[in-house]
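Enquirer: Input: one structure, supplied below.
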Amino acid sequence: MRNLKLLKCLSSVELQSPGSPQCFSVRTDTGSLLISSQFSITEYDPPTGQVLNEVSLTSEDYLPEDGQGVVVGIQDLPDQESVCVATSRGDVVLYNLSTNQLECVGTVDSGLTAMSWSPDQEVVVFCTGQETIILMTKDFEPITEVDIHQNEFGEGKFITVGWGKKETQFHGSEGKQAAQKKEVQPAVPWDDRRPRITWRGDGQLFAVSAICPQTGARKVRVWNRECVLQATSEAVNGLEQPLCWKPSGSLIASSQRHPNKHSVVFMEKNGLLHGDFTLPFAKEKVKELLWNSDSSVLAVWLEDMNPGEDGKRNTYIQLWTVGNYHWYLKQSLHFGNDPLKAPACLCWDPEKPLRLHLLTRAWASYTYDWGWCTDRSPGDDSQDNANVAVIDGDKVLVTTFRQCVVPPPMCSYELQLPAAVNMVTFHSQPQRTNELAALTADSRLHIYGRGSLVEGHVISLCHSPKSDTLALQLEDGQIRRVHCGKGMLSSVKGFILYFYPPYNLFVKDDGCFINLYPSLKYPSMETHVASNVSSFVVYDEFLLLTTHAHTCRCLHLATMSLKDLKAALSSEATQNDESTRRVERGSRIVTVVPQDTRLILQMPRGNLETIHHRALVLAQLRKWLDDLKFRDAFECMRKLRINLNLIYDHNPKVFLENVETFLNQIDSINNVNLFLTELKEDDTTKTMYPNPASAACQSASASGADGKKKVDTICDALRSAMETLDPLKFCLCILTSHVRKTTPELEIALQKVHELRGEESEKNAVSAEEALKYLLFLVNVNELYEHSLGTYDFDLVLMVAEKSQKDPKEYLPFLNMLKTLEPNYQRYTIDKHLKRYKKALHHLSKCGEEHFTEVLNLVKDQRLYTEALQLYPAESQQYKMLSVAYAEHLVEQQQAEQAGLLLWRCGEMPRALQAFVSCTSWRHALAVAVHIPLPPEQLAQLARDLDCEEAISALIEGAAWEEALRLIYLYSRQDIAETHLKPALLEAHSNQLTFLESQKTLFTRHKNRLVVVREQKEKARLELLDEDGPDCADAELYSEASSVLTGSRIGSKYSQSNSRISSPDLSLIQNLWDVLEKEIHSLLKALVLFQFDTLASSLQTNYSELLQLIEKGIPEIWQEGLQQGQTPITGPNSTANSIMASFQQPRPSAVPQQDAEILIRPKMRQSVKWKLCMLK
């Protein structure tokens, strides 16, 4: 649904030369025109208007001087820097553009009638005056010569399988008359009777159209690259002289005149007709047909058959395109009836597909640059119908995409105009964007049927919404102003406009122009933004575009600078990136429906597709939510599968303040339930749908302002509002709000269902049966049965059980048994069955002393000691028994001190003393001993034992293994060796191994980083070597070398002992040796003593590996260049070269004294003997 828009027309009338142009070619390397006439060859540059080269063809007798000579073909040969020219007299001339010399490379005595080079310029075909074809190489070596007119069909001759006769076959609309052999009519009288040659795009086939000597009609023959006939066309009455092979296809275009119409017909390579389209006239003749290089546009050169009253003929050039098997007339250029202004020759540019070159008989040069554009209404409000106008000759096909998506060539409605339309635009004033203006080929502007004549050729127009005027730019540079409301036309003077070749032109509110090239450039700054864009449109604050990578991007311009735009278009899309989506190969944007989420795309074959781009959808949803249009947002989200959590997450505060508005707008029980069931704790504005303008939006958090979970907050808010509005109407929704909470409130929901039994008589009330059935849909029936049992309401339990798949034999006996029990014991039994042990304990405690044994067993099994103590008075016997049981549990959990406190509190003094002694709590033990009281001798012995045990525990905790052993054996406390010493040794061994591994990893990482930093600094030093001032490339290495050691520091426990080294960054080596002397050696001996040889060996091996790693790394860390500064070499024995070389060497600048110590290489101490020989 695109139109051809004239972007620029470059005209020049400065070229003057004798005769008139006969044919021309475009130089691919310079873009200049190579023009041949009856007298000369001229190289002309249209942009500058200069003649670059010119040579006479009459001076060397290649053409007669009387001006009767004819050049039948001209071709630029860039590889040879020459131009090949063929004359009707039979000469083939090469014109060297470098030397400006002519050379005749061959002559055909019978003359030449046509010349055509293959697309790869490896071979050339000539048609001679004897009606033969000569095939030559690019060096003009003859390959073969054959007659044009062959009696055979060719190698592609059809095979007849003998199915029926021609008379009995179906012949379509022509009926049986088609079976009769028709007489072939001769060519039309105005045919120039010259052959035409055209090549297929790949250069493997070429076709020749020539007059058949027998019938006098034109016939097309297809030949291969070796000049072997492949096929001959069928007899076609009225076939005319134009012939052009589609570069990217298998169709050959020609024209055919019928008694009642004139058509452009297409042939296949086998010579059979394959489709056509009718030209919108009947009294013109087609002079030439020309495909552009990408096969998207077909140019038709026309001329009136009958002259006018003044004896002159009008000339036209029309540009046709095809889409969805329909041919559209997009542009019609009228050149009037002046013979001097009529085109003499034209051709498409070989490099730029939409550039057309034209020369008139008076040597005027025109270069037309066309561009594809989609003419759409610019409105952004709901009144705009998302109109798209398609030019089709003298009709404008308008499709209103807001109402319907009509595939082309159909449309919503069409406008019939009196002449062919060249340009169309829509009104840009708000509320009037559905109005349009059309510019016809006769320079008339039609605004909804009101036409204003404009003298001169209009090449561009633009509408101003502020002044309500339409600006027209004429071919001669004048600008005319049309007042749309009054229909008045005036001139604007003193302005010079330059129109860049854009896809679209956008005018911002501040008056600045944004003009984008097909490759997305800002021409005012010549900044390249992206080169893979196939189409784009600006809507609201978004730039939507399709790329050659088959993606559709939607970028938020309001939050993006030019730099951000370039970065976004050059980067790959990330996960959950709403700005990108995949589309079908070759898709192009048609339009966006304003205030909607629909984006219309057109596929390469012409059909339309509607997509809802995620970025547009989310932007529209945010607008609706900001405007509190919850219903519109909900329906859109439901249809397009957008997570409904966004309704709350977009702005939680606003949602909670307008919950009743939300419910009133949704007004559907099912929709409210759907919203509640989709609730999740995740914040969708941070995960699934991040907002590009997130700063302006309040996002949700994991919990509400009062610390509640998000789901709980929404459920409570909705339930409160629903109970206020209409609790009966929203009954099911209220149940859903209970079930969907983080901790489902199933018992409350079941209770509400039970309460409905008494409200069934009320109007619009939901029955209990319905409510229960709905609840079973949300919750598993077995889970719901268990929760109904927890309500202790047997009627409710039976109601749920009846809806389940349970066998009555399974639950009825159990329910009947429960009914026989005392109420508290009944509830205890139910809670124990449901594993609600705290509630079970609470009910069991009310059942009397006869059930206390069950209480005690339940407390011990479920460890409910704290809860049980709260249920009995402190002076009761039950409280004492529970305390003793709790104390026994604490002793098992290695919490003897707390057990002793419990026993002491409840009066169990001997057992409390035993607990305090076991945990060496000497203060509590002595206090209890005095309280018992113990005899003085036993009290003294207890004090001595407690003091010894406390000392040994302190030594073990401080890793003083040898001293701890001495005290153990001194006081005969070998039991402490088993209970305290051995576990402490195993724990120390594990801690040391973990510490070693972490230090080894840290040392290696920092050492490798140091190597990288040195390489970067050396590279920087070399780059800055020529700059003035001292170069201190190693200045930052000191910090990195420091981090190698600092990162591997032993820890606060050991770093405090480093008093012999002033810099803390050099404490690694010294600390390691201190550890080995004071702790590792002692730990190894203790491990060996208790027969932990394997553990001791692994510890010794790991420490040895770490020391070897450090020793090997020292030369890499402290290199020679860092240990001593390099000073310039001077003195009597130095030379000028040596002094300059010493100054150019890198030298570190002065560093502080503390940092200077880093440069000193540490030395490993080898005198410490820490290893145990028995472990080797």
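Cβ from N, Cα, C; glycine included.
Reproduced below are the annotations present in TrEMBL:
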DOMAIN    1-351  domain 'ELP1 first N-terminal beta-propeller'
DOMAIN    390-448  domain 'ELP1 N-terminal second beta-propeller'
DOMAIN    458-590  domain 'ELP1 N-terminal second beta-propeller'
DOMAIN    614-818  domain 'ELP1 alpha-solenoid'
DOMAIN    825-973  domain 'ELP1 TPR'
DOMAIN    975-1063  domain 'ELP1 three-helical bundle'
DOMAIN    1074-1117  domain 'ELP1 three-helical bundle'
Enquirer: Which range out of 1-351, 614-818, 825-973, 1074-1117 gives the domain 'ELP1 N-terminal second beta-propeller' (390-448) the most CB pairs under 8 Å?
Expert: 1-351
Enquirer: Count up the helix, strand and coil residues in the domain 'ELP1 three-helical bundle' (1074-1117) according to DSSP, in that order.
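Expert: Breakdown, helix to coil: 41 helix, 0 strand, 3 coil.
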Enquirer: Take every residue in the domain 'ELP1 N-terminal second beta-propeller' (390-448), average their pLDDT values, and give the whole-number result.
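Expert: Computed over the domain 'ELP1 N-terminal second beta-propeller' (390-448), the mean pLDDT is 88 on the 0 to 100 scale.
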Enquirer: Provide the three-state DSSP residue tally for the domain 'ELP1 N-terminal second beta-propeller' (390-448): helix first, then strand, then coil.
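Expert: Helix/strand/coil tally for the domain 'ELP1 N-terminal second beta-propeller' (390-448): 0 helix, 28 strand, 31 coil.
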Enquirer: Based on DSSP, tally up the residues of the domain 'ELP1 TPR' (825-973) by helix, strand and coil.
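Expert: In the domain 'ELP1 TPR' (825-973), the DSSP-based counts are 117 helix, 0 strand, 32 coil.
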